[in-house]
Structure formats: structure tokens, C-alpha cells
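Summarising the annotation, Swiss-Prot assigns disulfide bond to Cys40-Cys84, Cys136-Cys147. Sequence annotations record features per position, and here Swiss-Prot assigns pyrrolidone carboxylic acid to Gln1.
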Amino acid sequence: QELVDVEGKTVRNGGTYYLVPQLRPGGGGMEAAKVGNEDCPLTVVKSLDENSNGEPIRIASRLRSTFIPEYSLVNLGFADPPKCAPSPFWTVVKDQSERLPSIKLGEYKDSELDYPFKFERVYAASKMYAYKLLYCGSEDEEEEMMCKDIGVYRDQEGYQRLVVSKHNPLVVGFKKAESSTT
């Protein structure tokens, strides 16, 4: 089965979408924020504004198809990233100062992890398609590669960070971004 957006249409490989939370309440879509000592907005967070779709995100699979099959590995990147960011692509960074590995904008260190995420359907009822976002990789060299939920962690500054977590999985839907580039 292929990924389907909130309107019941097939998610296009390389297309641009908003990732909007499907469980309310709890904030809006995904965006980049300056967190901690960052000089540039590099940390991926859920918007605190429930009415915000967040920033448009390009979703791509290495498969040569027009659609994205469910459970296939994908890369995610902001369609219009901050100019100061090293890359538009989402990656997982384990920082000693943070409790959980966070999703940030950055370069991949390993070509195997060029497509480190996947979506797993949670439920589909009355045209409501919702998916968990998972990170498929290892956080250190000794650890075996496996898929783990991406959850939300509210930090001391009040940001709702996207983190690799066993608790509070993020459940999203795909909302097509209106743009001349999609």
C-alpha cells in the first residue's frame, strides 16, 4: 500500500507536504527552531500554534516510483530551509547536553542513512489517514540498526522537539503543500 494524504490522494515521491499532527490537542505542523545555543534554527519542532501547518517538507524515497510505498525508507527535508542551515535534510543527532537524540537539519554521515525515516500506518477510517514517523538507524556504532518511534519532547524552553523515543509517538497526516515546485 502507498502512503495517502489527508484528502485520500497518493503521496507523491519527491512531493512537498505539511506533516500535520492527527491527534489533538498538541500543536501544529513541523518547523525549525533555534534551540539552546544554536545560532541558526536547526532543531525540528512541532509548532506551538495549533492552527499552523508548519513548514513544507519534501518527502522522497530512493525507489524509482511516482508514489511512496508504506514502510519504505524516505528522506525528509524542508522545502525552504533556513539559509544558515548546512542542509535541508532531517537527521538524528545525539548531543551530550540533550536527554534524547533530536531531529535536526544536517548532513548525513553515512550513505546508508540517506533515507533514515519511514511512516507506519496507525489507522485509516473515514478518509483519515494517520502515520507514525520512525527513525531507522543506530545512534552509535555498537548498536544494531533498527526502527524506533519519533516522539515529542517538551524541553525547558517550551519547544516541542522531535526526538527518538519509546514514548508519545508522533502521529501525523500528509497535507499537500500548494507550491509551484511540487
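Note that Cβ sites are derived from N, Cα and C of the backbone, with glycine treated the same way.
What Swiss-Prot annotates, mapped onto the structure for a quick look.
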| residue | record | contacts (Cβ under 8 Å, 6+ apart) |
| --- | --- | --- |
| Gln1 | pyrrolidone carboxylic acid | Pro69, Glu70, Arg121 |
| Cys40 | disulfide bond | Lys34, Pro82, Cys84, Ala85 |
| Cys147 | disulfide bond | Lys118, Leu134, Tyr135, Cys136 |
Query - Mapped DSSP class for Cys147 (disulfide bond), helix or strand or coil - result: strand
Requested in this report: Taking the Cβ of Cys84 (disulfide bond) as the centre, count every other Cβ atom within 10 Å, in any protein chain shown.
Outcome: 12
**Report entry** Other CB atoms, at most 10 A from the CB of Cys136 (disulfide bond)
**Finding:** 18
